[in-house]
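> Per TrEMBL, the feature active site, proton acceptor maps to Glu103. Per TrEMBL, substrate binding site is recorded for Val186, Ala187, Val188, Gly189, Tyr199.
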Amino acid sequence: MPVTAATVLAARQPAMAPVFGTLTLFTGRMGSGKSTLALQNAFNRRQAGRPGVLLTSQDRAGEGIMSSRLGVTADAIEVDPEMDLVAMVTERVPAGGFVIADEAQFLTPAQVEQLAWAADEMAVDIDCYAIITDFLSRLFPGAQRLVELADVITPLQVEVTCWCGRPGRQNARIVGGEVARAGAQVAVGDTTETSAVSYRVLCRRHWRSGEPGPI
Ligand SMILES: [Zn+2]
């Protein structure tokens with residue numbers, strides 16, 4: 001049989017398995033449906049028989065849970081900053097499998113690099129769902145590394161508006177009815193108003209002026 005580019009390629013590609021994975025970043029403000037989409041994509045892949053794992057970090061619903069505000073939840077691996085994701089993927093995800101990571105802004109830059117390694121070296125598809133900026137409008141370090149390394153960046157299309165009707169731009173932290181201007185980068189809260197720390201998406205103008213709208 002003559003050796004052609006096609007035969008060489010066929011010999012190097014195991015049947016049914018991709019030879020590389022894709023690192024995709026799905027982004028949106030709080031309330032843009034990231035967790036809902038993550039759960040739907042995980043469900044679809046498992047229905048199709050693909051092996052994979054779900055990762056989360058500091059989900060509002062508690063440790064080891066990936067939750068959507070629409071009410072859907074799934075068990076997930078809780079990632080802490082010390083977790084070695086190369087070891088995790090090597091142990092739990094075969095080539096051609098997937099990782100779906102919610103709250104991926106809380107990954108460390110080193111963990112994002114580990115997931116990029118898994119995409120390149122283990123042919124695992126990595127989908128990361130993250131908000132990009134914190135309550136002070138600054139990049140989360142993990143989100144920054146994702147922007148730098150992702151093959152594909154997909155903004156979610158769900159509309160999130162400020163109370164004034166303008167497009168929501170900033171993930172404002174509300175403490176005591178005020179737009180917070182200082183504090184730790186990570187303080188877990190929700191977009192409901194029942195907790196001491198809550199979050200509300202504001203337009204840039206009202207985030208700047210510190211007008212959170214009706215509380
Ligand atoms: Zn506004």
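Sequential numbering from 1, following the chain as shown.
Even glycines carry a Cβ here, placed using N, Cα and C.
Worth saying up front: this structure is predicted, and the values here are computed from it rather than measured.
Just tell me what is around each of these and how deep it sits.
Around the Cβ of Glu103 (active site, proton acceptor), a 10 Å sphere holds 24 further Cβ atoms from the protein chains shown.
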> Here are some binding-site residues: Val186, Ala187, Val188. Which one has the most Cβ atoms within 10 Å of its Cβ?
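Result of the Cβ crowding comparison: Ala187.
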> Roughly how many Å lie between the Cα atoms of Val188 (substrate binding site) and Glu103 (active site, proton acceptor), rounded to a whole value?
11
> Do me a favour and check the Cα-Cα span between Glu103 (active site, proton acceptor) and Val186 (substrate binding site); whole Å is fine.
11
> Does DSSP give Tyr199 (substrate binding site) helix, strand or coil?
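Going by the DSSP assignment, Tyr199 (substrate binding site) falls within a strand, counted as strand.
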> Beyond Val186, Ala187, Val188, Gly189, Tyr199, what residues of that chain have CB atoms within 8 A of the centre of the substrate site's CB atoms?
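Leaving out the recorded residues gives Gln58, Phe135, Arg173, Val197.
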